[in-house]
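Quick look at what TrEMBL lists:
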DOMAIN    120-251  domain 'Photolyase/cryptochrome alpha/beta'
BINDING   Glu410, Leu411, Met412, Trp413, Arg414, Asp415, Phe416, Phe417  FAD binding site
Amino acid sequence: MEASAQFADIPEANAAELQRQSPLAMAPFATASLSLATALPTNHFFQQPKISALFSGQPTAARVPTQASSLAHLSLSSAVCPPPSKISFKSTISANPLQSPLTLGPHRPLDPSSAAGLRKCSIVLFRADLRVHDNECLNAANNESMSVLPVFCFDPRDYGDKSSGKAAFQASFALESVADLRNSLRSRGSDLVVRVGRPEEVLPEMAKAIGADAVYVQREVSKDAVKTEERIEAAMKDEGVEMKYFWGSTLFHMDDLPFKLEDMPVNYEGFQQKVRGLEVRKTIAALDQLKGMPKRGDVEVGELPSIADLGVNPIVQEGKAASMIGGETEALQRIKKFAAECQQQPNKGINNVYGATFSCKIAPWLTSGCISPRAMFDELKKTASNAISAAIKPSDGGDGDGGSSWMMNELMWRDFFRFITKKYSSPIGAPTTVGAGALA
């Protein structure tokens, strides 16, 4: 580059003076992190006769290298930039003054598989979805985040009359289900943080400690559960943490219903006619490996509480069957056993095969989310496809394959109750919600 081009932005009145000065006099213009005097010896490149030779147009071995010229310009731009201000927690402004500031707020590409598109840290709040199979909430958090903190809160409000035997059975079953979930998460490289308390009070402190970007949670339908969601969302909003909701407690997905929820039929016959032929979404496979726990915050996973810790009277559970063990592991074994029994004794009618008090006895696991309705559907579909078809697309009112056909109709009844409850759970002054069915 010619010297005249290099100094074209310097006024003519100073050009001649600048030529007469030693380049060392230009030190104020080259004071970034590297000194020209140390990078380039003065007795070789910057002697006064050599500067005159540069303007003569004759090539010489003493021409100022382009790198030195670039460094001078770099120093000039650095000298006029103000020192970077302290970066706020939520700002993505670069700390490097040589780069243009980025926009405020998160910026992630549309492709979550890209490292730049992942959230730094997310929380998965388990509620009535105590499973790793067919859990869209858990899978989405792991696919979209660099680290994930699974959390379960034993909410004292969930146990009603704490002196009753029902509360003791409920608490015992929940403890067993949470223990099984923790083992499943640990076998996949994660863990489960357990707390006793209200989630709207526990989660904000936890999110602040680990710097969480979002909370992933499955929506529920009861009035109390919806109020809890609203309180959690308000607390997270104050912390600037996003809430991400998922639906996974019914056979048919809410987004697939052929009507808006407010237009849902108020009787089962009308509901059944509307959903006839509706496709059931495929189950979501459990991830073999989960994202690790966040290192920031050093959150303790905590020990499982006792029944007494939950404020429940630990009465002797004489009525609890030995086989009533909570957890996803037990639920999967039960539905496989039931499906095998249906396959071995098809077309004999429910009462003839199982007696007048027939039941698959899966309701407690389904209510706690240890197994999903879609997982049950898939298992029955493997062994009793004719019964599934007859239940979803009834044509002649036949019994189909006995127990499996009955099961499919019960799942559809359960969907009706949950959707109608959801319809009336949120609006103020809505009618009393419908009670739960056999497969609550």
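Glycine is no exception: its Cβ is also placed from the backbone N, Cα and C atoms.
Annotations in TrEMBL come from automatic prediction, not curation.
Known features from TrEMBL, placed on the structure.
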residue: Glu410; record: FAD binding site; Cβ neighbours (10 Å): 21
residue: Leu411; record: FAD binding site; Cβ neighbours (10 Å): 24
residue: Met412; record: FAD binding site; Cβ neighbours (10 Å): 23
residue: Trp413; record: FAD binding site; Cβ neighbours (10 Å): 16
residue: Arg414; record: FAD binding site; Cβ neighbours (10 Å): 22
residue: Asp415; record: FAD binding site; Cβ neighbours (10 Å): 23
residue: Phe416; record: FAD binding site; Cβ neighbours (10 Å): 24
residue: Phe417; record: FAD binding site; Cβ neighbours (10 Å): 21
If I take every residue in the domain 'Photolyase/cryptochrome alpha/beta' (120-251) and average their pLDDT values, what number comes out?
94
Residue distribution over DSSP helix, strand and coil in the domain 'Photolyase/cryptochrome alpha/beta' (120-251):
63 helix, 27 strand, 42 coil
